[in-house]
Every structure is written in structure tokens, then in C-alpha cells.
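Taken straight from TrEMBL:
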- A:4-191: domain 'Glutamine amidotransferase' (DOMAIN)
- A:CYS76: active site, nucleophile (ACT_SITE)
- A:HIS178: active site (ACT_SITE)
- A:GLU180: active site (ACT_SITE)
Amino acid sequence: MVGIVNYGAGNIFSLTAALDRVGVQYGMINNEDEFDHYERIIIPGVGHAGAAMDKLKNSGLAERIVTLRKPVLGICVGMQLLTSYSEEGDADLLGIVPLKTLHFYKRIDEKVPHMGWNSVSPQNGCVLFQGIPDNSYFYFVHSYFIESDDTYTSARCNYGINFSASIQKDNFFGVQFHPEKSGKAGEQLLLNFSRMVIS
Amino acid sequence: MLAKRIIPCLDVKDGRTVKGVNFVDLRDAGDPVELAWQYSEQGADELVFLDITATYEGRKTTIELVKAVARQVNIPFTIGGGINELRDAEVLLNSGADKISINSAAVRNPSLIDQLAKAFGRQFVVVAVDTRLVDGQNFVHLRGGRDKTEIQTENWIKEAEERGAGEILLTSMDHDGTKNGFDSALLKRVNDRIQIPLIASGGAGSQQHFVDVFQQANVDAALAASVFHYGEILVPELKDTLRKNGIVVR
């Protein structure tokens, strides 16, 4: 079963609908003890990273997340929370992955937000992308991005600049796009995560 | 590279699609959920539902529709029509809509754009603009192009962006329904002035019209209704044509 961290940052209807479509069972994590009920954990998130971090801290769930040894998947702002810092709200985040979340504005000439379908190149056979062809398109909506990094970037995307479409450190995974809105490729990625075993 | 988007638009009334559709293998051509699913399977990048229901009972039906689409369709969708205040938008967000589109309500009360962007993020707020040429100038029109306002279209779009619109859906009423092609000249002028995505609408009649609007105006997305519903243009063939013309599509 997949546990969804329920800390009030955005609507999760689309995520649960996608899990239903691919036949993955899930439940909500509302307090620290409920982490024990699930083998895999998803941290959703839309909106403002600084505000999301405040909500996560206030929910009392942040401290437990950093100690988890199960597979964890952050989606969009939920992924950004795994990094050390975001320019959005000048906020310190969970610091699990030692990267920064930066604003596109002033760094690229393209339109912001980066909205729509963009192609993604997985690096070094990232397990999240098993069975998904290289350069498949995923749906993005975001104004902040995680810098591209040789160690922690597990899939790259380009929008005026190379950035992390996905990151990984040990059992922690994050995707900047919305797998729940990314057609069949996104559904496959959710299925891959739901079957993932960390050895 | 970011792909150009193809967006079929469905007109919905009391939970049913209004304009006829001419799809093979469709059990119920009036069911917007089935139609939406079919389009997503064909490779449409996004969907827009324009809900032309005003009654309270109709609105409840719309919310059920939004939930059903969100459950069954794996691409993003926008819902427009009848959104006059934050609460209307919030209900749609919580039912699974990715974006809402506002038109007349934003013209009557421009601060609604600011409020929606602040509450839900600007990526959630599409401002739809219907424009028509009057004495050589483009003016914003309301009620599907029937009522002229004194607001110049390009100024209004700039204001909408500054107030927090995440995207502009621009329909040329002069081109809409003609099947003579999009208004690429106007779309290019607008696109050169804004930093948010622009969706072209009105006038699609052939695959070449989509090639033209992407090449001439560099818009981010193109929307059409009847050419898709009547099977005159099939999404997979359209995408092949765009690819052959060097336009990046999914």
C-alpha cells in the first residue's frame, strides 16, 4: 500500500484517481504513527514551496520523513521539499537531497511558468522510468526548478536550461512533472514506484 | 523541448456534449467523459470543457462531470463557464479540474483574476478573451461575441497577465466558425507582448491552419472544436503533419 502524506498542500483528487486507474491501493498519512501502515510513501504538493514547508512542519510529519528508509516519492512541490532550499519564500526545506530549488525567472528567456508537455531523459537507468522510452513526454507546471546535478539528477529536462526532471538519493525519489496527468508514461511511473523494492 | 499543445474543446450543457460528434467506435457521442477519454487516447494534449449551464441543478451535474473526467482521463483539463467567485473555482479544483477558465466575470470584475491567482496559483487561472474587429480595432466582446465592450483586446490581455493570469485563451470571433484559419497576425502581436502561454482559438479548418498558427504566431497551443468532433481532422494525423513541418509535438 502507498501512503499519501496529507499535510494540506493542494488537492490530491487527481493523484488518487491515477492510483485507482492503475490499481494501486493507497491511504492517507495524517500523523506520525500512520507511516508504519504503508510500504511506500508519496509526498504530493502544489503551490508555494515555502508555504508547503510550513504546513509540513506544522503537521508534525517533517521530522519523521527524513528518517524514512522506505521508498518515498515527492511530486512537484513535494519533490522540491526534499531539497535543501527554495528561492520561493527564501525557505529552508527538508535537506534530504543537497540541491537548491531556483526560480526560472531571470535565468531563462522562455515563458514562465514552464507549462505543458516536455521530453525527459532518464539517467543511468533510473528504476522509476523502467518500461518508459527515453525522451517520453511528461506534463509540467512549475515556475521553480531543481538545478541539474551529476550525482542526484536521475532524469533531465531542458527548458532554456537543463534542470532535474527527477532526483534520487537512496530511497528518496522526486519528480518535477505530474505523473498523474502525464498519460500512459505517467501511469507507468506510478506503477513502477508502487512495485519498487529498496534492497 | 516543450511541445506545442493540441486542445479539443467540448461544449457541455447539463452534463452532455451539445454539438454533435461524428466518431467511430463511440457508444454514446453525447457523453463528455467518453469523448474526453477518446481524445486522450488519440494523443490530445489537454482538454477544455465549456459548460454552458447556468442553473443550480446544472452546476451540480457539472461537478459530477469534472470528477468523472478526473477519474478516467490521464491528461490535464480546463473547465470554463459560470465561475464568478472564488468558491466556484475551489469546488472545481477539489473535484479534480487542473485549470479554470474565466471570461465575462473577469471583465466585469478584474480583481477576480488577482484573487484566484493568489488563492490557487496562477497556473490554475486561464483568462479567456473573445475578440472582434470593430472599425479596424480589436475589442473585447462578451456573451460569445454578442456584446461589444469598450475595452481594447490587447490592453485587456496585458492587464490580465499583470493581475495573475497563468494563460490566455484568445478566440477571434471574426474567424470562429469560418474554417479559414486562425488570426495569426493578432495572435503574434499578443504573443510578442506577454510572458505567459497563449492558446489560439477560432478558425481552424485544416491541418495547414495549425501549421500556420504555430509557425507564424509561435503560440503555445491551438484549440478547436468542430473539426475534431466531426472527424475532419484526426489528432494523430494532425500531429504527424506538424512534426513533418518541424513543429515539436508530443
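Using N, Cα and C of the backbone, Cβ positions are placed for all residues, glycine too.
Features as recorded by TrEMBL, highlighted on the structure.
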residue	record	Cβ neighbours (10 Å)
A:CYS76	active site, nucleophile	27
A:HIS178	active site	22
A:GLU180	active site	29
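Recorded residues A:HIS178 (active site) and the residue listed as 'active site, nucleophile' have their alpha carbons 7 Å apart, per Cα-Cα distance. Straight-line distance linking the Cα atoms of A:GLU180 (active site) and the residue listed as 'active site, nucleophile', rounded to a whole number, equals 11 Å.
Confidence for the domain 'Glutamine amidotransferase' (A:4-191), expressed as mean pLDDT, is 95.
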